[in-house]
Amino acid sequence: MMIHIPKVLTPEQVARCRAVMDAAGWVDGRSTAGAQAVHVKKNLQLPDGSAEARELGEMVRAALQRSALFTSAVLPRRILPPMFNRYDAGMTFGSHVDNAIRFVRDSGEPLRTDVSTTLFLSEPDEYEGGELVVEDTYGAHKVKLPAGDAIVYPATSLHHVTPITRGSRVASFFWTQSLIRDAGQRALLFDMDMAIMRLNQDHPGHISAVQLTGVYHNLLRQWAEV
């Protein structure tokens, strides 16, 4: 299940991210790649743990906590500190699957990567190429969103970034360990949550909405890992 999360960051926050990144030093993105991804990854990243990455990462995490849609789609338990990358002309990231386990930067604590997120920080007309392509049983899905918007998708997905042919593309990317390990169960809960919200809008206080909310929370209680 891929979910588009619009307007995670405001235009002012995007501008702040761009200003910080424009003044920052970048390193080879292969420094954080896994054993297979290192052979197909060609991009730049803000140094993990740098002052710039920490400032922008806190901004992103605070914005995510305010996003009801992100919470409903992902049901986050723990979010790995956001990272930031840049693709210039000729850069790309070939097909790969994200590592199942990553480690929190400061504590070294392991985190299971259930959900991947890309938060776009460049406008689509600033670059050509650079689409995120996520593959599932229904085919390949190209994603290129306005600055400040995010896409979330199961971290089990095969995906790649097409080569940049003009301009530069900057983004934040990170992983979340969900309360719900199984992507199918997350999708069912998300669909139910959306249906409950629509029912509440159309028929405020209706007993069916109350009953469905109870079913939602009982399923969450049954499936959640806390």
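Yeah, the Cβs are placed from backbone N, Cα and C, and that goes for glycine too.
It should be emphasised that the depicted structure is a prediction, and the values quoted were computed from it without experimental measurement.
Here Swiss-Prot flags His96, Asp98, His159 as Fe cation binding site, drawing on sequence analysis. Residues annotated as 2-oxoglutarate binding site in Swiss-Prot, with sequence analysis given as evidence: Arg169. Residues or ranges marked as domain 'Fe2OG dioxygenase' by Swiss-Prot on the basis of sequence analysis: 78-178.
Helix, strand and coil counts under DSSP for the domain 'Fe2OG dioxygenase' (78-178) come to 3 helix, 60 strand, 38 coil. Counting other Cβ atoms within 10 Å of each Cβ, the binding-site residues His96, His159, Arg169 show the lowest value at His96. The C-beta environment of Asp98 (Fe cation binding site), restricted to residues of the same chain at least 6 apart in sequence and closer than 8 Å, consists of Gly34, Thr113, Ser116, Ala155, Trp175. For the pair formed by Arg169 (2-oxoglutarate binding site) and His96 (Fe cation binding site), distance between Cα atoms is given as 19 Å, rounded to the nearest Å.
Mean predicted confidence for the domain 'Fe2OG dioxygenase' (78-178): the pLDDT average there is 97. Report note: the Fe cation site is defined by His96, Asp98, His159, and the residues of the same chain whose CB lies within 8 Å of the CB centroid of those residues, excluding them, are Ala37, Phe93, Ser95, Val97, Ser116, Ala155, Ser157, Leu158, His160.
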